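Engineer: Sharing the record's features from Swiss-Prot:
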{"type": "BINDING", "residues": "N61, N62, G63, G64, D65, G130, F131, S132, F133, K134, P135, P136, D159", "note": "(6S)-NADPHX binding site"}
{"type": "BINDING", "residues": "N62, D126, S162", "note": "K(+) binding site"}
{"type": "DOMAIN", "residues": "11-218", "note": "domain 'YjeF N-terminal'"}
Amino acid sequence: MDLKYLNQKEAIAVDQELFNDYKFSVDQLMELAGLSCAHAVAKCFPAEKHPRILVCCGPGNNGGDGLVAARHLALMGYTPTIYYPKPTAKPLFENLSHQCQQMDICDVKECPSVESAARDYDLILDALFGFSFKPPVRADFVAVVELMQQTKLPIASVDIPSGWDVEKGKLTECDVEPALLISLTAPKLCARQFRGEHHYLGGRFVPPALQRKYELNLPVYPGNELCVKL
């Protein structure tokens, strides 16, 4: 059977069942999702060739995934730098930021220019917006989305490429074009428009009964892998 691509309503419903029926905490799922993102990045962009990563984090759970991924990437030998233009004032996100600070992961307060990004980084991790995003992009994030639209650096997007509609995908020809898309839990409808080189599924935590209920038809993760190539 074919892999299912979720619409926005289905993606929200699956998340809510994980929280309410299966009693996962946000912390649990965020840690597993961010760890799987770090593993997918490591498979596609080894630290030997792409050591310096600009991790762009948004205000919601997608941004939290990015903070987790940054921490794990640092442990894997990368040098991540975090750009977090609108930090979330909740204990979970404050703790994730604190963990990164305690690991001496640098952050930048201003969005790099296209030129400075090309000089200072080898890869951008796009963890701005998740499946709850509805256009247009808010003012705080316009500069970083424009950076990703204009840069020649490879981009790895977490779940949804920033600025894309979760169901319709790209809204304009100049939208972000990631080289790696890491779909989490299950791919969303917008992933059908993905034309980059690498598409991975991460978030190896979906209970079999939930997979069957939504007919997700997820691929089998090989061995003890945390992500699987689609």
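Cβ coordinates are placed from backbone N, Cα and C, and glycine is handled just like the others.
What's the neighbourhood like for each of these?
Structural biologist: Neighbours of N61 ((6S)-NADPHX binding site), defined as other CB atoms within 10 A of its CB across all chains, total 23.
Residues within less than 8 Å, Cβ to Cβ, of D126 (K(+) binding site) and separated from it by at least 6 positions along the same chain comprise C56, M148, I155, A156, S157, V158, P161, S162, V176, P178. Mapped onto three states, the DSSP output places D126 (K(+) binding site) in strand.
For the domain 'YjeF N-terminal' (11-218), the model's average pLDDT works out to 96.
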Engineer: With every protein chain in view, what's the tally of Cβ atoms within 10 Å of the Cβ of F133 ((6S)-NADPHX binding site), excluding that atom itself?
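Structural biologist: Other Cβ atoms within 10 Å of F133 ((6S)-NADPHX binding site): 20.
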Engineer: Between P135 ((6S)-NADPHX binding site) and N62 (K(+) binding site), what C-alpha distance do you get in Å?
Structural biologist: 16
Engineer: Once near-sequence residues are set aside, which residues in the chain of F131 ((6S)-NADPHX binding site), 6 or more away, have Cβ atoms under 8 Å from its Cβ?
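Structural biologist: Residues satisfying the criterion: L6, Q8, A11, I12, D159, I160, V166, K188.
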Engineer: Any idea which of the binding-site residues G63, P135 has the thinnest Cβ neighbourhood at 10 Å?
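Structural biologist: With the binding-site residues G63, P135, fewest surrounding Cβ atoms within 10 Å: P135.
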Engineer: Which of D65, D159 (the binding-site residues) has the most other Cβ atoms within 10 Å?
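Structural biologist: Most Cβ neighbours within 10 Å: D65.
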Engineer: Including all protein chains displayed, how many Cβ atoms other than that of S162 (K(+) binding site) lie within 10 Å of its Cβ?
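Structural biologist: So the number of other Cβ atoms within 10 Å of S162 (K(+) binding site) is 25.
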